[in-house]
Every structure is written in C-alpha cells, then in structure tokens.
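As recorded in TrEMBL:
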type	residues	note
SIGNAL	1-19	signal peptide
DOMAIN	81-191	domain 'Plastocyanin-like'
DOMAIN	246-370	domain 'Plastocyanin-like'
DOMAIN	473-610	domain 'Plastocyanin-like'
TRANSMEM	644-667	transmembrane segment
Amino acid sequence: MILFRALILIWIYISMVTAEICTDDLCEFTLVVRRARTMTHTGSDGKVNGVEILRNGSLQVKVHVGWAEDKDGPIVPVEETITADGVQRNVILVNDQFPGPTLEVMEGAQVVLKVINHFYREVTSLHVHGLYMRGVNYMDGVPYVTECPVLPGKNFSYRFKAEPAGTHWYHSHVISQREDGMFGAFIVHRNRPSTPALPLFVQDWWHEEFLSFDVDSWYMRNPGPGRLFGTMFSRGFSFDGIELTAVHFTSALINGRGRYNGNNAPLTKFTISSGETLRFRLIHPGAEFTFRVSIDAHSMTVVANDGHDVEPVQVQSILVFPGESYDFEVLGNQANDIYWIRAETLWSGRGPSFESKNHTQEVRAILAYEDASSDEDPTTNKPTCSEDNPCRVLNCPFPSFPKGSHTECIYMSDVNSITEYSPPKDSDTVEYFFTFGYIVGSSINARMFVEPYKPLVFGEPYDVVTCDQSCETNGCQCTYVMDIPANKIVRFVMINMGKADESHHVVHLHGHDFRVLAMGFPFNNETTGHWLSANSDIDCGNDKCSNATWRNRPAMNFNRPPVRDTVVVPANGYTVIEFRSNNPGHWFFHCHQTTHMNEGMAMIIREAPENHPPLPLGFPTCGDTIQDPQPLPTNETTSSSIQLSIPVFIIILLSVVIGTTLVIFAVTKLCRSRSQKGEATEDQGYPNEDTPL
C-alpha cells in the first residue's frame with residue numbers, strides 16, 4: 001500500500017514538473033496535500049532519516065540505528081530534500097513539493113482542481129487567489145462561507161473558469177495551512193508565452209507550525225494588536241514608527257529555501273543569459289512581514305501587479321505585502337557573475353521610540369549568469385543611493401523615506417494601468433466606509449468576525465452570530481455581513497485610523513478586482529520619516545471610527561488607475577477602491593496578514609442577494625445548531641459570577657475533603673486486613689512451642 005501510494009505521488013510529481021501549459025478547453029489537475037518534515041530524506045527502502053548540512057553545503061543522511069544514536073549515511077542531492085532554512089520542522093507539501101506545483105492554463109479554460117486531503121486530522125480547502133469564480137461562488141474555497149471544508153481522507157473537485165489572465169496563486173484558507181506550505185502559483189495566459197516566467201515566492205518562516213501563534217494570540221481575547229512575546233517595546237517597528245507585527249521574526253524563504261543563523265543551507269538560484277530579459281512572478285504567500293525585494297546591480301521593471309498589466313515602472317526595489325504579487329523584468333546587462341537577490345523586512349528597531357539598529361532581517365537567493373562558474377556565494381553589495389542616483393521604491397505605505405536616504409517612493413495609486421477607465425456617474429455609485437483596526441480587537445468597523453456555523457451559500461436562515469445595532473458604538477464579536485446592490489459602481493473607503501492605528505493592513509477582496517483611486521498618508525517628520533498625526537481627510541464619527549465620513553474628499557485618479565485584488569491601507573491613512581458589482585455571491589473581505597485575519601479582521605460582502613447562483617446537485621453539506629452570540633471578552637467580574645463561584649467553591653472543597661477521608665479510610669482498612677492475613681499465615685506455617693509434635 002505504501003509503495004502504491006508512493007508511485008502515485010511520483011507520477012503526479014513528474015506530470016506536474018514536466019507538464020507544459022495546458023492549452024485545452026478543459027484542464028484537470030490533482031493536488032495531494034500532506035504533512036511532512038523538513039531536513040529529512042526518504043530512501044529507496046521507504047525509510048525516513050534526518051539530514052544535516054555539511055560545511056561545504058552538501059546534505060548528508062543521518063541514519064538512525066538506535067536510541068539517541070545516528071550514523072553517517074550517504075550524501076544526497078539537494079533536490080531530494082525539503083531543506084527550508086536548514087532547521088527541521090513540520091511542513092505541508094502539495095504533490096510532495098514545497099512550494100506546490102505551478103499550474104498554467106489559458107484564459108477562459110474550464111479548470112478542475114481535485115484536492116485530496118491526506119492530513120490525519122485536519123480539514124482543508126483551496127482558494128485560487130485573484131480569480132473571479134463568476135457564477136460559481138461556491139467554488140471560492142472559504143470554509144463555512146462558500147463551502148464545507150474537505151475532511152481528512154476525502155477529496156473535493158473545484159470547477160471554475162480561468163479568468164482573469166495574469167499571475168495568480170492558490171492556497172489553503174484553513175487557519176494557518178498557507179503559512180505552513182500549502183500554496184503554489186496559478187498562471188492564466190491570455191496568449192501562449194514565447195519565453196518562460198519564473199515564480200519567485202518570498203515568505204516569512206518560523207520553526208514551529210504557525211497555528212501555535214494563533215493559539216497563543218492575545219488578539220483573540222483582548223483589544224489591541226496582541227502581546228505574543230512581550231510588550232510593545234520588545235517588538236519590531238519600521239522607521240516610520242509603525243509596528244510590523246506582534247510576532248517576532250525568525251527566518252524567511254525564497255522559493256522554499258533560506259538560511260538560519262548563518263548555516264550553509266542551499267539557496268534558490270535563478271539563471272540568466274547576457275542580454276536576456278528575464279521575467280519574474282513575485283508572490284508573497286507568507287503571514288506577517290512586508291519584504292523589500294531587490295537584485296544587486298540590477299534594476300527591476302514592474303509590468304504587472306496582481307496579474308494586471310501596468311505601464312512599465314523602473315525601480316530599485318519593490319515592497320511586497322502578504323497576498324500581493326508583481327510581475328517584473330530584469331535585463332542581463334551586467335558582467336558574467338553571480339548576484340544576490342535580497343528580500344529584507346522593514347525592521348528598523350524595537351519599540352515605537354527606537355534607536356535605529358544596524359541590523360537586517362532578510363533572506364537571499366542567487367541570480368547567476370549562464371557563464372558564471374563560481375559555486376561560492378555572491379560577494380555583491382546593495383546599491384548606494386545618492387542625490388544624483390536615488391533609489392526608487394514601489395508600493396510605499398508611508399509618505400516618504402527619511403530625508404538624506406536618497407530614496408523615493410512610488411505610491412500604488414500613482415501607477416497607471418494599460419487599460420482605459422471611464423469615470424462613473426455619481427448616480428451609479430454607492431460608497432461605503434470600513435475601518436480596519438484594533439479598537440475592540442482585530443476588527444472591521446468595530447466588529448470582530450465570527451465564522452458562520454454553516455456555509456452561507458446554503459441560503460437563509462443563516463447559522464451566524466448576528467451583529468446588532470450596538471456593535472457600531474460598543475463593538476462586538478459577530479458574523480459581519482454587508483449587502484451591496486447589483487450592477488453598481490461600488491466604492492470602498494478603507495480607513496486605518498482611530499485610537500489603535502498601530503500597523504499597516506493589506507486588504508484582499510474575493511470575487512473581484514478593483515481600481516485603486518486614491519491613498520491618504522499621515523503627516524510625518526520629513527527628516528526622520530516618523531509619523532506625527534493621522535491624515536485629516538476622514539471624520540471618524542465616533543471614538544471607534546465606525547461611522548466615518550469624508551471631511552475633505554480627495555481628488556480621485558480616474559486616469560487609468562491600477563487594477564488590483566489586494567492593496568495596502570496605510571497606518572493613520574486610507575485607501576479608496578472601486579469595482580462594479582457584477583458577480584453575485586458571498587465574498588470574503590479581509591486583511592491578508594494572518595494574525596489580523598484569524599483574529600477577526602474580516603467580513604462578508606453579500607453581493608446582489610437576489611441573484612446568487614444555485615448550488616449544484618450533490619454539493620457537500622455540513623453545519624451545526626445556532627449558538628448564542630459571543631460577548632466581547634472582558635476582564636471585569638460581575639456580581640452574579642461572584643455569587644455563583646462561592647457555592648461552587650464550597651462544593652468542590654467539600655468533595656475534596658470527603659474524597660480524601662474515604663481514601664484514607666480505605667487504605668487504613670486495607671492495611672489492617674493485610675496485617676491480619678499475615679498473622680494468620682504466620683500461625684499456620686510455624687508451630688507454637690506448646691503444640692505437641
């Protein structure tokens with residue numbers, strides 16, 4: 001059975017690796033997901049042993065021969081081991097690959113994605129990030145919103161039309177499975193490409209499964225941005241005074257490889273020829289940290305974001321947030337050598353009033369020219385930014401870099417799409433305000449999201465925790481659902497300000513792409529780059545900023561605004577997007593930073609409820625009874641709970657006393673019984689002196 005399963009997985013792996021773009025009208029794929037261990041090797045006999053990294057970077061098997069005893073085994077190819085950053089931990093494999101296989105189809109193709117769940121106890125799902133799922137909302141892959149999750153040992157086939165064209169990606173939408181490895185690229189081609197494009201996954205990485213951070217998270221129980229590993233003063237901040245995340249940085253990977261603490265783990269290498277233009281598909285499937293991606297001695301020409309073409313923008317680096325993607329091109333115009341590809345976090349120091357540290361949190365890969373023969377690491381350096389040659393950075397979430405850094409920001413709202421856009425009529429436009437923040441915990445409009453108890457696609461009555469009128473002023477935990485009408489231009493004003501505006505948020509809308517019309521940033525100190533006060537364009541309406549309106553409506557960019565499905569909302573600022581409501585369904589709308597989303601920064605957009613597509617026959621069902629609404633967590637103890645706790649304590653105390661007494665009595669009786677038996681045995685075995693023989 002094990003051999004048969006291994007042969008199936010090998011066949012799937014080979015077919016995925018060697019397969020070309022599927023150009024058929026119907027494209028079928030099978031994805032088998034399972035858990036494994038990094039830094040292990042499976043031998044031809046099926047036995048799994050650990051591997052260690054030698055000084056020269058080779059991988060040597062450590063054969064387990066007894067308790068706490070290993071012996072040196074053979075040197076094995078790097079391709080036969082999932083190394084990650086050289087530290088052993090659990091990882092999720094898709095068709096025995098990490099990251100999962102790249103799937104490529106033509107625009108308009110019908111796609112069948114069969115997901116086989118080989119987890120022992122976990123459910124799973126699959127969301128194809130960036131696809132419309134038009135007419136098949138129930139294939140969007142969000143458990144308890146659009147589907148029942150796939151049970152262990154079971155499978156489910158997702159069927160949908162491949163649109164729009166561009167760089168997209170698939171991932172699990174169950175708790176933290178994406179962060180542990182369940183993701184891969186999903187590319188939709190408008191025309192068959194003449195040259196290949198290379199996926200470049202950049203992600204943060206820890207040495208335990210990411211679920212442990214959610215289990216420990218204070219976001220779940222308390223207002224504020226969490227205290228996973230101590231106070232605000234122990235956590236990382238960027239130079240603008242904004243917290244990066246409550247989770248500490250451990251490591252990071254590029255295409256599943258990196259190094260931890262200076263070890264010699266293998267790195268990902270890309271090859272380029274002199275004079276060649278190489279296209280990369282940069283995707284951030286990770287959890288928490290934003291990365292600044294650059295290539296030593298090379299500029300990068302950005303040609304698309306989230307799969308949508310833009311007018312080319314030449315930059316030194318790109319800031320990529322979790323959930324975002326960019327297509328960029330690199331020209332092989334340097335000497336035949338090897339160069340560092342760098343992905344650095346925005347970390348500048350600890351605490352909001354930090355002193356800047358000369359320390360970098362980063363992961364590297366290698367760009368090697370075809371004729372370069374060196375097997376050593378590159379020795380190249382980052383470019384020196386100067387007044388005559390400033391460094392240009394795309395996708396800044398802040399107004400500017402510190403003065404004197406000679407670094408210029410290009411904001412996403414200033415990028416131009418290659419497609420024209422006609423400004424909508426006011427009568428055709430509806431506008432909504434959403435505040436993303438921590439005022440009552442990780443929330444949208446003071447509502448912490450509670451997952452439905454059965455998928456909403458099953459129709460009403462819903463099994464949800466309803467949001468009542470008090471949520472807007474008091475905050476609450478509920479299943480936040482908002483209706484939008486059919487066939488309107490829908491404008492979302494996404495706000496990140498109020499009393500707890502402590503981090504940037506990167507927001508993703510399922511089922512749609514949207515135009516980015518405007519971004520507002522805080523006022524800052526131009527010398528240091530540190531923020532001073534929130535943007536003044538928004539009137540929050542109340543202390544929770546859950547009833548916001550415009551104070552000063554900004555100019556909107558209707559001249560070919562960029563098209564995206566994921567966008568950053570700056571801390572102490574806002575982002576304005578709009579789209580046409582032409583895709584009825586229940587669409588998840590959430591922050592793509594994992595701890596923020598899992599802890600409540602999410603909601604459901606119910607689009608055109610009267611036009612939702614019917615479920616297909618035989619669609620899997622699930623659900624539970626309606627549960628009571630969950631009140632917000634509180635540290636206050638009510639008088640009723642005190643009154644209840646006293647008799648409960650007395651009952652417990654009496655039970656302990658009575659139980660202890662009974663145990664002592666039983667033990668005493670048992671000891672006496674054994675003593676009497678011993679005396680009887682003594683009398684029978686040895687005659688008394690007075691007994692006649």
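Quick reminder: no glycine exception, Cβ is built from N, Cα and C everywhere.
Curation plays no part in TrEMBL annotations; they are all automatic predictions.
If you average pLDDT over the domain 'Plastocyanin-like' (473-610) in this model, you get 93. According to DSSP, the secondary structure content of the domain 'Plastocyanin-like' (473-610) in residues is 9 helix, 63 strand, 66 coil.
Note: the domain 'Plastocyanin-like' (246-370) comprises 0 helix, 64 strand, 61 coil (DSSP; helix = H, G, I, strand = E, B).
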